[in-house]
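Asker: The structure follows.
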Amino acid sequence: MASRKKIALIGAGQIGGTLALLAGQKELGDVVLVDIMEGVAKGKALDLQETRGVTKFDVNVTGGGTGDYAIIKDADVCIVTAGVPRKPGMSRDDLLKVNLDAIAKVAEGIKHHAPNAFVIVITNPLDSMVYAMYKITGFPKNRVVGMAGVLDTARFQYFVGEAAGVSPQDVNAMVLGGHGDDMVPLLRYSSVNGVPLTKLVEKAKLDAIVDRTRKGGGEIVALLGTGSAFYAPAASAIAMAESYLKDKKRVLPCSAYLDGQYGVKGVFVGVPVVIGAGGVERVLEVDLNEEERAMLTKSLESVKKSVAETKL
Ligand code: A3D
C-alpha cells in the first residue's frame, strides 16, 4: 500500500500555519511544522489536528522545535519560511543578514534529514535566500526553487480581473525577474483567456496595475502594520508543491537556477518553469524585446547585488 507523502514546513509563522492548513485540506500528505518557537509549531499542529473532524481531512499534522530536525526525516517536500518578515518602511534586502543565518541552519537540517526533498524557499530576500539554500544543501538545481512569481502573477491577475470586471482565474499573466520592486511583468504575454489585455483595460490603467503589482507586497505590509502577506504567498507555494507531488507539470513562474537561459548563468531569478515529479524539469524561454530585456537586466543587477552579499 502506498504510504502518504510528507511535507515539512520549516517556519511555523503566518505563512507556515497557512501552508499547513492548505496542505491538510488538500490532503497533499502528512504535515510537519518546525520552528525555533517549539510551542508555536506544536500548538498550531494540534489546533489543525482539532479541525479534522470538522473539515474532514485525513492527514496528520505534527509540530516540533529546531532542536529536533529528525522530525522532518525523509520529507518529500520542504517549504521554508524561517526568518523574519518586513516591517513598514523596510525593503526585502534589509532582511538579508538575519534571514541568511536562519536559512543556513535550516539548509543544514534539510541536507541531513531530508536529502531527497524538493525544497521551496519563501524567505526574503527571495532570490538570494534560494541561492543560499542551493549552495548550502548542495542539492541539484532541479530540487531547489523559490516562490515569488506565482504570487506576483496572482496579484497581477487579481488587479486586472478587478479592472476588467472578469474573474482573476481567466487572467493569464507572466512576471519575470527578481522578486523586488523592479520585477518584470510581461504585458505582451498576458491576456484574458486569449483576449488581449488592452482590449479590456486602457493603457494608463494597465501601467498603474504593473506599478501596483511591483509594490504589492509593500501595500500589504503597510496595511497590516506588523508582518507581511501570508494567504496568497501560502496558496502560491502550495500550487508549486502540488505540481511536484502530483507530477502535474504546471507552468509556473518561479525563482529557478539559470544555466545560460536568458543569457544568465549561476543565479536564481524568476522565469517560467515546468514543475513535475522531476522538480524543476525545464526552464521555458520566451523572446524578449529591447524594453523587456532592459527591465530584466536591471532586475538582475539587484538580484546579483543581493546574492553577492551572501558571500556564498
Ligand atoms: P513569521 O510569521 O514571522 O514566521 C516566520 C517564522 O520563522 C517564525 O515563527 C520564526 O520563529 C521562525 N524562525 C525564525 N528563524 C528560524 C529558524 N532558524 N528555524 C526555524 N524557524 C525559524 O513570517 P511569515 O510567515 O509572514 O514570513 C516568512 C518569510 O516569508 C519572511 O522572510 C517574509 O519576508 C517572506 N515572504 C516572502 C514572500 C515572497 O513572495 C517571496 C511573500 C511573503 C513573505
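Using N, Cα and C of the backbone, Cβ positions are placed for all residues, glycine too.
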Asker: Considering the NAD(+) binding residues Gly11, Ala12, Gly13, Gln14, Ile15, Gly16, Asn99, Ile122, Thr123, Asn124 given in TrEMBL, which of Asp30, Asp35, Asp93 is annotated for that site as well?
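Answerer: Among the candidates, TrEMBL records only Asp35 at this NAD(+) site.
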Asker: Which ones in the same chain are close to Asp35 (NAD(+) binding site), with CB under 8 Å and 6+ residues apart in sequence?
Answerer: Ile10, Gly11, Ala12, Gly13, Gly16, Ala41, Gly63, Gly65, Thr66, Ala82
Asker: Could you tell me how many residues in the domain 'Lactate/malate dehydrogenase N-terminal' (6-146) are helical, how many are strand and how many are coil under DSSP?
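Answerer: Going through the domain 'Lactate/malate dehydrogenase N-terminal' (6-146) residue by residue, I get 72 helix, 27 strand, 42 coil.
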Asker: In the three-state scheme derived from DSSP, which category covers His179 (active site, proton acceptor)?
Answerer: coil
Asker: Taking 10 A as the limit, how many CB atoms besides its own sit near the CB of His179 (active site, proton acceptor)?
Answerer: 30
Asker: Can you give me the average pLDDT across the domain 'Lactate/malate dehydrogenase N-terminal' (6-146), rounded to a whole number?
Answerer: 96
